[in-house]
Amino acid sequence: MKIFQRIPIRIRISFGLVGLMVGSLLVASAAGFFPNEQEEILRGRAKLCETLAISGTAMASSGQIDNLNVTLASIVHRDPQVVSIGLRSRDGNMIVSAGPHEQRWNPGLENGMDQMHVPVFRYGERWGELQITFESTGGILGLNYWAPAWLLIVLVPACFLQFSFFLRKTLESLDPSGAVPTHVEKAFDTFTVGLFLLNSRGRIIFSNQRLATLLNIESSKLLGMKLRELEWIVPDDSTGELPWDQAKRSGESVLDQIIQFDVADRRLTFSLNCTPIAGQGYLVTFDDITLIEENKLALAEARDAAQNASEAKSAFLANMSHEIRTPLNAVLGFTDVLRRGLVSDSEEAIGHLNMIHTSGAHLLELINDILDLSKIEAGRLQCESIETQLDLIVEDVANVLNVRAHEKGIALRTEFKSAIPKMIHTDPTRLRQVITNLVGNAIKFTDEGEVTIVTKMIGSEDTSPQIQIDVNDSGIGMTPEQQSKIFESFVQADSTTTRKFGGTGLGLSISRRLAEAMGGQLTVASEAGVGSTFTISIPVNANSSQEWLTPEQIQSGAAKRAANDSAGGLIRLPNKPILVVDDGDANRRLIELVLSRAGAVVSSAENGLEAIKAVSENDYSIILMDMQMPVLDGYTATRRLREAGLTTPIIALTGNAMKGDREKCMDAGCDDFLTKPVDIDNLLVCVSSYIGTGESSPDEPQTTEVNALVQPAAPLASSDSVRFDAPSAIHPTLPMDDEDFRAITTDFIHRLGSRLDQIEIAIKANDFETVRSDAHWLKGAGGTVGLPAFNEPAKSLEEASKVSDVERAEELLTQIRDIHSRVVIPGMPQAPAADSNTPLPTKPTSDSTEISCTMESDEHPIYSSLPLDDAEFCAIIIDFVTKLDTRLLEMQNLLESNSFVELSERAHWLKGAGGTVGYGDFTEPAAELVSASRGCDFEHSEHLLRQIQAIRKRLVVPKIEVAHSPQEPLDAPHNCEPI
């Protein structure tokens, strides 16, 4: 109705007149006053077709095909309306035709004005079909020029223009401005307020220039309009009645009424006065108070914002006070307990330390949230875009938070509803942070039911495809009002939420901004008492040739990884290129072996210059860089690579683990930091965090234990079978026919020898804390590897160490050594009995393939902790020992010549390389020698060097049973076992 009222009156009248005319024409047409030429033509053409069909049937039946052809051609030639004629047999073959019939005939059209077809019968059966095409009847869009439709099309606009012009001229002659004298108009135009004069019927007969300017409407257009035709806005707190209507009804003046009017993109506010004029009309004045009202509104908004900010700040400080004090009290409290020595044993102390660590991690999480928010608000948050496997991120989040869900007794499920690209380009760290926050919140606010992570593709390649992740819960839900507040910083849906569930109110605010920074968005849909669904959608940014994963493939891959994890497996790596840079041959070869066995493609370099050259020639997914190397060290090499624009992740390898070493590596441009000796678990976890994880092929075993990285052990020798059946032998309860379990137990026995030596030394030194710690380890580890015979004596030794009973400890150690000597593992020789006089290995003769060493009879041998049933690990150990002998001679000469700098470099090499190849006894004295040589302390350096040389004499090096020709390299696969 309002739209109709805004149309000028002359236009409305013109429409009415045209409508009357159109109605009259339609009635005349319906009454038959207009002949329908189209129907007549169509009827005539149909008769022609029937006639030709009858004639054609007669001629075809009598065999007069030539005459029929002449007849049809004559018709086409004589009748300009007929374009072509064709006679087809029942099987579709053309018998005769006249004119361009094949070009003009359209089999898909029905009978009509342009073409017709009728059947031809012969002897009562359908014999063929007569087809005729005609010229178009003319007109536009199939309409005849003299049809009523065309008459309307021509007359309607013509009449409308004429009526409109006539009415406009007529209305202009009725100028209402004549009601106000000219000198009065000029006086009104000087007013600073807007002014209307209305006649008794509410029409505007005058408006001053000020009001026309305010309303942005010309004065001439206002004249004659009703004031109500303008879209005035009445405030909600008023009666809703317009002031002039109120004045007309009451007959009294209406003063200081507020009314508003929209002009362009701004809403004007007026203070209005309306005064009746002796029954002849009304005088209406408008005072513009827009600025005053806007200032009042701005002040109110500022006041509310300040009040809300103050309340949010107070709530945040109270909340953060609670959130920070809780873990801080735990840190200070348990630290004080440890400082005062108020613990009964180290196990209790470890429990306190774990609590301190957990509390510290919680504090760090709170601080990280605040720092993330600060970066976002400062506009300094940057999101990277790298290849990321989305299903692994979702799986990892679910695996981590499943423990928390299990503690609350609710289910946490993942579901993929469509195929997704295997790799997308996004920021994996930030995406993981958002999903973790959403799932963590869902678990927090759900007491029963389940939490589901649903992942699917939305959109298509033409409409910017996106990944959508829905986190659904059956928790407490939210009202619409609460939903509108949850993405604000320091704000939670309900003030009681913090007291009941904890939290800072930052998580969702940060998550939404992170989602937007990644080019996506985060939304919520919730119902109080039913649950909530948080949805994050991010661009796919995948290549068109990208591999896609179906939900079945994702589920299968997750099941395989879960099976590997449940089997205690380590991480498998994808088949991606990795560069290992290390001047230590043993370190380099061990890292190469572990990474290649885990599935990666490994290349190596011995110094920084070789690394730079390798990077310039090949692309690598990650680089492992030793920081201290000859020719060009890792710090300089890393800086040069970064300056050249390399963005590949670089992991620092260094034997230095002092404060500031990590920062030094990071400043050089490294992305991460690993210390030597290299821990295989940490190595694989670190590498996989940058290049992802791989999946085992169907031909590979489903476990990836550390020892599953080694080759299968050699078949049992005849001597093994004899010992295996000995009545005093102790056999592991684990299945020794499985090479993985056999490798675990073998590694335990090798490590146990060094632990027993350590226990004996500790007993002699009255260091019962070390004795208790090692006995506690043996008590649990023995049963774990299938040797429960160690449990009771280890438990008794732990109790004896608590009361410092030397005699009892020595007696129990003898029992444990006896058990150790009787353990039989296929493919591995037994350790010497505790009471036997079996001589220790001696230096091999020149014609022996066994590498060993000489030692005093009362010294215990030192075995490498690496798996000795693998030829490649054995070769690494042998190469290390060979290089060690040369380095020890060099170190002796350097010490005698006071070359402490070079001596420090050799000691630094030994500190990392010794532990890497499984001889951890070198690590501590080598580290002390580094410090002593840097301090130019000759006597202490000499003492430490002698200690290292003594350790060298106790080394037991694997022997290699040579099963190859002398020309084969030493590191070819052989049977390998310790002696």
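Cβ from N, Cα, C; glycine included.
Heads up, TrEMBL stuff is auto-annotated, nobody curated it.
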Choose the correct range: of 12-34, 863-885, which one does TrEMBL annotate as transmembrane segment? Give that range.
12-34
I'm validating the feature mapping. Which of 461-483, 829-851 is tagged region 'Disordered' in TrEMBL?
829-851
Composition by DSSP (helix, strand, coil) of residues within the domain 'Response regulatory' (577-691):
53 helix, 24 strand, 38 coil
Taking every protein chain in this structure into account, which of the modified residues D626, H776 has the most other Cβ atoms within 10 Å of its Cβ?
D626
Could you put numbers on the helix, strand and coil content of the domain 'HPt' (737-823), residue by residue per DSSP?
75 helix, 1 strand, 11 coil
How many Å separate the Cα atoms of H776 (phosphohistidine) and D626 (4-aspartylphosphate)?
36
Could you give me the DSSP helix, strand and coil counts for the domain 'PAS' (180-237)?
22 helix, 14 strand, 22 coil
Over the domain 'Histidine kinase' (319-542), what does the predicted model average in pLDDT?
79
